[in-house]
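Look at Swiss-Prot and you will find 55, 60, 64, 422 tagged as N-linked glycosylation site, backed by sequence analysis. The annotation transmembrane segment is assigned in Swiss-Prot to 20-40, 89-109, 119-139, 142-162, 176-196, 202-222, 322-342, 364-384, 434-454, 461-481, 489-509, 516-536 on the grounds of sequence analysis.
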């Protein structure tokens with residue numbers, strides 16, 4: 001039996017804490033591809049593509065050599081460029097699905113809620129672990145299972161991530177901070193495979209590790225089954241779980257929040273009160289045409305807007321400049337980050353001239369640094385929430401705490417303008433870090449790559465948190481899942497370019513990533529388009545607010561009230 005929204009609200013801290021842990025170990029673990037790649041090679045996945053050519057130079061992972069042409073092995077299995085290309089293709093497919101599946105998931109989640117998706121995701125993740133374990137039992141015949149396993153892994157991981165992004169709706173003004181925390185745990189999940197590699201290096205069987213991991217995914221399934229509600233979590237503007245019940249006896253065939261119910265009842269009551277005072281057919285027809293009359297006088301008529309008039313349509317949100325520019329930013333950033341993750345081991349091999357022990361060491365360092373996302377992602381969330389508590393929340397009544405010592409009301413910031421200001425800072429800062437990361441990648445210095453690891457980790461945590469916070473701030477909560485999914489799908493399609501870039505690096509460029517990195521650095525400059533537009537958008541909002549204040553003063557002189565009304 002699924003819990004109600006009121007029950008889920010009481011358990012929100014438990015759900016948030018477990019969601020962070022579950023994201024850390026069961027969401028985007030595929031982002032730790034460098035460590036998984038080493039283990040897959042050690043278990044012989046696609047090793048049958050490698051052969052000893054004539055005049056070979058044998059080179060194992062400890063550095064012992066004979067003869068001329070280089071051939072290496074790992075844990076007794078041959079490794080080669082053809083194997084790298086095939087496994088990188090599997091990573092490309094899995095990472096694509098990790099993002100591309102977001103759009104249908106977002107649409108489904110907005111309509112049906114997160115519970116069923118999270119149950120499906122945890123089950124898919126467990127099955128993916130079992131498939132990898134089965135493939136490792138006979139890699140010469142079952143290596144192809146890695147494609148199916150990584151697809152299920154990507155699907156399950158995105159289900160876990162996406163559903164956790166609905167939880168921050170229960171935390172009010174801290175929503176962006178909690179979104180950042182969820183995305184931080186998602187980004188930090190890249191540490192999972194490096195952690196598993198440490199256990200693997202201690203001598204634990206790869207198959208045993210995966211079976212235990214699949215069993216842990218079962219615990220995630222049961223946690224969701226007993227704690228997550230069927231209904232979607234409403235946004236903070238509709239938050240009132242204590243009175244959320246089903247009013248079927250009032251003619252509502254859906255569940256509504258207390259605030260929505262209050263709005264429905266007061267609207268109906270107002271229309272009944274005004275309608276009862278009407279005497280002639282003309283006034284009645286005005287009511288039937290969708291107009292409402294103020295209770296104070298029948299002569300004061302105000303056009304009644306439909307509820308959806310205040311909320312932009314989904315297509316209007318899709319074609320808004322903010323969303324389109326955010327797509328450009330995410331496409332560029334996603335390609336830059338995904339290419340580095342997929343090619344990192346080969347880039348390190350190029351720098352150390354094939355020393356696999358050094359490559360393994362730096363891969364482990366990269367994995368450990370992924371935990372930085374848990375610390376850095378909330379920073380961008382804090383930037384997105386900066387000074388929102390000091391903003392005008394739209395209430396007309398001033399509290400005592402909102403007045404100065406001389407009794408005058410404090411001048412508050414506009415909430416929408418403050419959100420745009422915060423988003424501008426977040427995206428500008430993130431893109432500067434992305435450019436810095438691109439510059440460090442151009443320098444062929446091994447110790448400097450640790451700085452590249454740090455910048456890569458910070459940018460990956462920042463960009464997703466910034467986009468999630470921006471969408472939560474600008475667009476209706478009912479569109480959040482669909483818009484985030486659309487953004488993920490388009491950026492995932494663009495990130496497929498990492499496979500031809502990888503083939504170009506391994507083929508014509510002979511393993512040298514210099515020119516690929518130069519091109520990606522140039523493309524990264526497009527990321528500054530979004531913060532520049534947000535600056536102009538903020539100025540437009542400031543002009544509108546100034547005009548609104550001047551209009552309110554005019555109405556105050558005419559009607560004695562700042563409301564935009566006029567007596568007939």
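Yeah, the Cβs are placed from backbone N, Cα and C, and that goes for glycine too.
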Positions whose Cβ lies under 8 angstroms from the transmembrane segment (364-384), at least six residues beyond its ends: 20, 24, 31-32, 34-35, 176-181, 183-191, 193-195, 197-198, 344, 419, 422-423, 425-426, 429-430, 450, 453-454, 457-458, 460-462, 464-466, 469-470, 473
Leading stretch by Cβ pairs under 8 Å, where the reference is the transmembrane segment (489-509) and the options are 89-109, 176-196, 434-454, 461-481: 89-109
Spatial neighbours of the transmembrane segment (461-481) far in sequence, C-beta under 8 Å, 6+ residues away: 105-107, 109-110, 162, 165-166, 168-169, 175-176, 179-180, 183-184, 186-188, 234-238, 311-312, 314, 317, 322-323, 326, 329-330, 333, 372-373, 376-381, 384-385, 419-420, 422-423, 426-427, 429-430, 433-434, 487
